[in-house]
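Noted in TrEMBL for the protein shown:
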- 25-46: transmembrane segment (TRANSMEM)
- 27-259: domain 'Major facilitator superfamily (MFS) profile' (DOMAIN)
- 66-85: transmembrane segment (TRANSMEM)
- 97-115: transmembrane segment (TRANSMEM)
- 121-142: transmembrane segment (TRANSMEM)
- 154-175: transmembrane segment (TRANSMEM)
- 181-199: transmembrane segment (TRANSMEM)
Amino acid sequence: MCAQMQEKSCKPAERANEGRQWTQVLGVIVIAIGCMSVGFMWSWSSPFSMVLSQDKVNYDITEADTANFLIFQPLGMIFTSFFFFKLSEYLGTKKSIWILAIPHLISWIIVLFAVSKWDFYASRFMAGMGDTIFFCAGPPYIGEITTPKVRGYCGFIPVMATFFGSLLITVLGSYVDIKTTSYICMVPSLLFIGLMSFLPETPHQLIKDGKLEQAKSSLKWLLRKPDIEEDFLSLKADVEQQLADGGTFRNLVTISNNR
């Protein structure tokens with residue numbers, strides 16, 4: 001009977017030390033809002049290319065001009081890829097993904113005042129820059145703030161949000177004009193900026209920067225555990241091992257997990 005009482009008394013402590021997962025899920029949902037903005041950008045040309053080519057009152061744009069919309073967004077992605085990977089190392093994981101909203105907001109603002117094809121080309125180029133920022137910084141941030149279990153059952157959320165954004169922009173294009181759509185699509189970007197301010201930098205990044213106490217605070221916020229010392233020491237050892245080993249393109253094929 002005493003053994004049973006001891007077992008029962010231990011269970012609450014064990015559950016408390018297992019931590020909670022809702023803060024990690026919250027972080028994934030916030031990133032998913034940014035993904036929805038990426039979905040907007042991906043599919044914007046689909047409903048609005050014909051609208052622009054047919055509206056000769058507000059725009060002097062031909063159907064051939066709108067076909068180039070599909071070119072300038074990938075050009076923006078390629079251009080940003082050449083330097084953003086270095087910039088992300090300097091800024092850190094959180095700040096890198098935080099600035100995703102900036103080129104997207106600029107893209108929508110250009111659309112609000114656009115009259116020529118070059119205005120829309122610039123908007124598409126900025127959209128591509130924002131997309132690259134997400135692809136470079138989004139997956140690492142999610143990977144560094146979540147445990148394998150959370151990544152397992154929440155990994156679909158960012159992808160679902162991206163396709164939901166594509167669906168929503170297509171629906172909006174059927175019922176709402178271009179400028180009104182731009183105002184609506186700016187809302188998720190502004191919401192993303194606001195919510196990201198409440199999320200911590202990743203413990204992984206803070207350890208790399210030598211900010212160990214901040215890393216502990218971040219880990220405690222994410223895991224919601226009273227005692228995170230064991231988790232912290234394990235993570236610190238992993239990060240130090242990664243920094244010591246470095247990384248090369250050769251690792252992509254020589255390490256089985258990477259293959």
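All residue numbers here begin at 1 and follow the chain in the order shown.
Every residue, even glycine, has its Cβ placed from backbone N, Cα and C.
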Original post:
What residues in the same chain, six or more past the boundaries of the transmembrane segment (181-199), come closer than 8 Å to it by Cβ-Cβ distance?
Top reply: 26-27, 30, 33-34, 36-37, 40, 48, 94, 97-98, 100-101, 104-105, 108-109, 111-112, 145, 165, 169, 172-173
Subject >> Segment proximity, the transmembrane segment (25-46) to the transmembrane segment (97-115), 3 or more C-beta pairs under 8 Å >> reply: yes
Subject >> Interface-richest range of 25-46, 121-142, 154-175 toward the transmembrane segment (66-85), CB pairs under 8 Å >> reply: 121-142
Subject >> Segment confidence, the domain 'Major facilitator superfamily (MFS) profile' (27-259), expressed as mean pLDDT >> reply: 87
